[in-house]
Every structure is written in C-alpha cells, then in structure tokens.
Amino acid sequence: MPSEFFIPDPEGQVPTAEGYFGVFGGKFIPEALVAAVDEVAVEYDKAKSDPEFARELDDLLVNYTGRPSALTEVPRFAEHAGGARIFLKREDLNHTGSHKINNVLGQALLTKRMGKTRVIAETGAGQHGVATATACALFGLECTIYMGEIDTQRQALNVARMRMLGAEVIAVKSGSRTLKDAINEAFRDWVANVEHTHYLFGTVAGPHPFPAMVRDFHRVIGVEARRQLLERAGRLPDAAIACVGGGSNAIGLFHAFIPDTDVRLIGCEPAGHGIETGEHAATLTAGEPGILHGSRSYVLQDEEGQITEPYSISAGLDYPGIGPEHSYLKDSGRGEYRAVTDDAAMQALRLLSRTEGIIPAIESAHALAGALEVGQELGKDGLIIVNLSGRGDKDMDTAARYFGLYDKGADAVVAADADSDTAEIEGDAK
Amino acid sequence: MSGNIELLSDTLAAAKTEGRSALIAYLPAGFPTVDGGIAAIKAVFDGGADVVEVGLPHSDPVLDGPVIQTADDIALRGGVRIADVMRTVREAYEATGKPVLVMTYWNPIDRYGVERFTAELAEAGGAGCILPDLPVQESALWREHAEKHDLATVFVVAPSSKDARLAQITAAGSGFVYAASLMGVTGTRESVGAQAQDLVHRTKATTELPVCVGLGVSNAGQAAEVAGFADGVIVGSAFVKRMLDAPDETAALEAVRALAADLAKGVRGTA
C-alpha cells in the first residue's frame, strides 16, 4: 500500500543529482563533512524507496503527530480581508505545536538507520528544537540544541520545554546571537563529532540533500491541504500563503501546488522595522545570491560577501538566508515573495486571536498579515489557503509586552503601547 | 603581473632539500589593525616561518574555533576590507620576498568576483589561496582563474576523506595539500592525533604535491612530531592566541616572533 503521509517529490523534478534548483543549491561544505553529508544522501535515497521506512513514518505521523492536520475556515477573520474566503492549514495542531515535527520524525528515523546515537540541531523560535528534543526522547537519542542567546531569552518557554524533554540547550553568544549563529555553532559541533552525530537540520536550506529531503518530509502539508480544499471549497485556491524564514513550512505548503499554475504561491518574509530601515530579515526582497550554510541562494550580505545581521520580532524568521528552492521559485517567477513588518504581523496575530479563538505563532502571523493584503487584492471571490505553521503559546511574553497585557506592577516591564504603530519591545535586538 | 605559485613550490622544495618540514603560519588580516597585522606577519617571517597564510576575516567563520573567531570579530569591527587583505599580502611579500597565501571562506570571493579577486591577489604578489569550504566539485571556475594568474589552489583533506576522493582532490590542487590533522574546527589541542599520520600517508599515495598538516599544532614538540611525517607544519590559533594574550602591540610582535622561532626549531628537529 502506498504511503499516505510520507509523499516525497515524484522522480525527475528538481533538484539535480548535485542538488541544484536552477543555479541555486549545491553542496558548499568543508571536506570533513563531505562523507557525512554523502551518507545522509545515500541513506535518504534508500529510505525513500523502502516501504518499511514509509510504513514506520506514516504510523508516527498518524498516531504520534496526529495527521492529517485540520483545515479550518476563518470567516470572521476573513471579513478583514476584503471578504475573500480564507482557510488555515492547522499545522499548529500537530504534536509539539508546529509543522517542524514532520521533518524531525523523518530525520530521526534516518538517524537510527545510520546507526548514529547523537543528534544536534539549531533552533530559532524553539519550534524545531522542541520537535527535535521530542523525537530524541521518543527514540532514546542524545540531544544537543544550539540556540542564539537572544532567542533563548525571547523564547524562554521553549528552552524549558527542551530541557524538560531531556535535551541539552546551548545558548550561542557569537555574532548576532540568533538563528544564523546557532547554525554556525551546530556546524562546528558536527565537524568535530560527525562519526556518531547526525545534524538534524530544521529547514530547507543547507547543503544537498537537506533542501530536498526536508521539503519531502513537509510535502504532506500541501498534499493534504489541496485535497481538503477541493473537498471543502470545491476548487483550488487563488493563493497559497506561508511565512518564510528558512522556508520549510512554505515549501511544504507550496510544493503540491507547483503544477497548478493558476495557484499563486506567496511567501511572506519578515520586514522587521521596515525594509528601508535596514532592520529586517527579508532575504528574497533585499538579498543577493551567495553562499551561506552550505548552499547557493539569496543571502543578506554586503558587497564583499560578509553576512549582514538580520532582524525580526520573530525568532523563527530572523535569518539572513533562505532555502535554495525558494530562490529558484522567485527567479523563475513561480513564487512571489513580499515583506511583512513586525507591526503588521502582530496586528494579524491579535486579529486572529480575537476573531477566531486561534493564537498563532508570530512566524505564522506574518503569513496571516500577507493574507489580509492578498484578500483585499483578490476581492470577495478570492479563495486563500494560509499555512498556520505554529501555535503562539511560546510568544505570549513577547505579545503581552507588545500589547500591554500584563497587569501594572507585574514582573514584566510593559514597554509598548498597544495601538502604536511604532511599538517596540524593550530589550529587543537591533 | 603573475602570482607566486612557483615561489611557494620552490620554498617547500628547499625545505625538503634541507631534510626538514616547512613552517607555515596563519594570521588574519586586520588583526589587531591592518598595520598591526602586517607587522605581525613580518615578525613571524623574521622568527623563521617559511610561508604565511593571511586570513580574510569573515562574519560567519564556521570552521574556526573561538580564538580565530575573536580575531575575525576584532578585524571586522575595525572595518577590514578585501583591499586591506591585498595590501597585507603585498607589504608582507615585498618586505620579505617569501610566499604569502590567502585563506578564505568562499562567499567573499564569490561575491567580489573570481576574476577580480585572482587578478588583484596575483598583482599583490600572492602565491595562492586556501579555500576550506569550496569543495573540489564546485571549484572549476576558481581553478581556471587561479591557473591563469599563477596562483596555487590549496585544498583541504580530512581524516574522513576516502581514498578515491583524496585522489580527486589532489589531482585538482596545486602548491600543496592541507591535511587537517583531526575532525574539528581550528584551535590548539593537547595532542595531534595518530589520524594525521595516516591521512598524510594516504594522501601521499595519490600525489607528488607536498602535504602539510594543520589544526591543533601549538608548540615545538608537536611541530617536531608532525615534521616527522609531513612536508609542512601549519600553525594558526597558537599565534593568534599569543597576540590576544599580549598586553600591547610590541609584546604581541615579540610573542609571535618567539613562537615562530621555537616552532622553526621544532620543524628542524632541534627543539
């Protein structure tokens, strides 16, 4: 019986055997990692065609994660989007609270197949770190998570979750002390411990085969959404919308719709305080092609190839790179990418909470803000699907400060005016 | 003007003729300042280094440990640019007549332009480049321009490199082969593992190029040990650490000169 939930890309599509999506991708890694990365590629190829692997993964995705995830229509929210119909793909309802678990379970099974006993991973918002710590607890693997020091502060709840699950969490103090630096440190660990350690990479960036493999594990999001939407709305959407940091939830939603050329694929990047301020992480909007973390893609960098420090209120999107397949979709014109400011995302977060009783992650709120714009553009006949990639529990401290939700005299310092367009978070990274 | 690959090869051959290993030192450009970095390179040549690798500081040095990360941070905060790296190469070469290479991550060259970078490096008197994150299968464009400008392409091999892959890498490289003594990032280590000797042995089975060993070597004893089986001994973090620990620039220059002199005895087996 064919697998229902592990649905890798059909043969013959991108990337090439060398990992290229057009001119993007490849494998720019130090020699010390070549053997390990090649081993991942070989093992993944074997697993992909092994019915036993698909059976094990399907079983986990159904009975542990809770797939298929729900599709929820949000009419009260959609009133603010020009009357277009909006459906949310509820990856926030997965076990651990985000889409990340799809990829993590796949790679954790692969880790076992490779006979490795230790897993390392980077995390920004903590969603990937929590999912990885969860899988390591489930499979009895040793687990170390690298997280930028700034992110350990703004996502403290997820740090506690990872530690509760038995993982070691290391706060990375180099560079901008965010996701990029966590990845640097994870690479340093991997080079030294590659013999028994798998780097469970959390997004569709990195050297081949990670962009294709991580995409394959998330492809189920779009496959389910497409089927659910045809059943519920009777047609394909006009637009599929997702937030993009590294791009894993977006490619997961988009991929099954790529052959449906009438479906617009819209990625929402973090514009932070605004592109013009320079304080943003909108890689496809403002970056140039370059090499970061093992592949060629758009990168936020200066004219001499130094990576510039990104900024976003969202720890999960605060990254100066992007998966190579998104760069390919952008340059081929199949994908559209627009930038959403911190404030627009926060307003969308509050709006969804108050109109639908769903508190989204700040990452996902960027996609919701994009949907409000696109809905206005499409008008009342529009049909939109948004990937609600994660739930917002982890972000309540940030949101409470942003909107002034704490009581006076409570521990936290309320530094933001809820109605101010220029609200900022005290102590946030600039 | 053409690059100095020949000077590099001749220098390594001369060391071999003397029955010893060459001493190769690494220092980042712009650390602690551009002029201070140039003075430090002159000091290590003066102390007895045969070859110097000038590091091009990078915002994301994923293959470097904390010592070189700190130096790169200082250099970048000081505003070091590729033009400063070229000036460092030029002044070090012109003052000493010795081979000077650049060691850099690939993205700065990719962004700057391969032709522009190789032309400027050759014009500055550089001998070549060490490119630790450019895999051989992605290196065709670089090699074409490096050959045109008589610059060496030094690839890194690792203990995990399989024999067939070693042959592929050494066939594409020139100048020498950089054998990483262990699996890990740059930084000093208590001991340089037995895997270094095995790697040198396996690498030499594939090439006539000199094979030099780096990563972890910090003192004359280790240098002597590595000199027993390698054509060159590469030392980086130990120099940078001496400079970071020194109270002032004069003391820093004296410290790196003294370390170079000590290591130079090590590679001659006279420590």
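Each residue, glycine too, has its Cβ placed from N, Cα and C.
Per TrEMBL, the features are as follows:
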- B:Glu53: active site, proton acceptor (ACT_SITE)
- B:Asp64: active site, proton acceptor (ACT_SITE)
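The Cβ of B:Asp64 (active site, proton acceptor) has 26 other Cβ atoms within 10 Å, all protein chains considered. The CA atom of B:Glu53 (active site, proton acceptor) is located 15 Å away from the CA atom of B:Asp64 (active site, proton acceptor). Secondary structure at B:Asp64 (active site, proton acceptor), as computed by DSSP, is coil.
A strand conformation is recorded for B:Glu53 (active site, proton acceptor) in the three-state DSSP classification.
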